[in-house]
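Annotation source TrEMBL lists transmembrane segment at 31-51. Annotation source TrEMBL lists ATP binding site at K65, M66, K67, T184, N282, F283, R284, K302. Annotation source TrEMBL lists disulfide bond at C114-C164, C125-C148, C131-C158, C215-C225, C259-C268. Under the heading N-linked glycosylation site, TrEMBL lists N182.
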Amino acid sequence: MAAALCCGLLDYKTEKFALTRNRRVGLLHRLLQLAVLGYLLGWVLVVRRGYQDTDAAPHVSVITKMKGVSVTWSKDASSRLWDAVDYASPPQGENVLFLVTNFIATAKQAQGTCPESPSVLDGMCTEDVDCPVGNPVVHGNGIKTGKCVMFNATHSTCEIYGWCPVENNTLPRKPLLAEAENFTLFIKNTVNFTKFNFSKGNALQTNDSTYFKSCTYDPFFNPSCPVFRIGDMVEAAGETFQDLALLGGSISIRIEWNCDLDQPTAWCQPQYSFILVDRRYNFRTASYYWDSQRRPYRSLMKLYGIRFDISVHGQAGKFGIIPAAVSFGTGIAFFGAVSAKYALFL
């Protein structure tokens, strides 16, 4: 046993190759090698840039500002001027911004008793017993007082204690801030790839103080202007402004940075995409005031509009010794393995 083991340790093995003179087999062999080589050079090294070290977690900063002015008219022919402080929330936003495009106003509400709205099912009644005292109206506007009263000539509802008169629910047929289609949104975005100590902004570096006041973003003719027309963003999301502005909606703005730091830094530019997330969006807000007798009042507003959610994603790559060595080493090993397997198959 020991002698056999010693002889085995001293054995020398070598591979035996057979030369096949067959043009078809030889051509197939070379084509296979070229395919493997093309995959390594074309996909791994050129497309995927396997020779680069990467940073896929940049630090980002986003600042937004809305610009534009609109006038709305109420039923009594009174007008109201809307500027960025009125229709944008918050006025100076960051990753989330809301633009008012339509609204329903209920003016001069005071705390007291009044009929519940007939649009609230739990507020409908035919007699007092249908309105138990102290019960809140489900999905309603106040607390039941125990009385069933006439809301109008055709509907009876429970009397409630709440803010009266109850909220108006008559929606305008067209968005009241239709001019918002031509408002502009300024998006200032900066990314910082800390791994490479590299930062870049989406705004054109210029000494012209009037540039951002006159330019509008265009992916082909003006890609370095971060001022976006609202109507263009809604259209890019696959919707028409008038339809979306009536009941509101939500749009996601995605900013994508894909930077090859082995190339000139001017080539590192963001790509923008706009996605419609939801077709309805609204919320309520109120402003409070007191009359000369110190009685509290409020003006209730149900605001419809477009919510913009801005997200920033990015990746930067730069030549690195270790990734390059791993990619080339893996490629050579794979190329050799494929050639050997093919020869063994023959």
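Sequential numbering from 1, following the chain as shown.
From the backbone N, Cα and C atoms, a Cβ is placed for every residue, glycine too.
Note on proximity: among C131, C158, T184, C259, N282, the recorded positions of the record, the Cα nearest C164 (disulfide bond) is that of C158. Cβ neighbour density within 10 Å is lowest for N182 among the recorded positions N182, T184, N282.
A 10 Å cutoff on Cβ-Cβ distances gives K65 (ATP binding site) a total of 17 other Cβ atoms nearby, all chains included. Of all the binding-site residues in the record (K65, N282, R284), the one with the smallest CA separation from C125 (disulfide bond) is R284. The Cβ of C164 has fewer other Cβ atoms within 10 Å than any other of the disulfide-bonded residues C114, C164, C259.
Comparing Cα positions, C158 (disulfide bond) lies closest to K302 out of the binding-site residues T184, F283, K302.
Looking only at Cα atoms, N282 (ATP binding site) sits nearest to N182 among the recorded positions C131, N182, C225.
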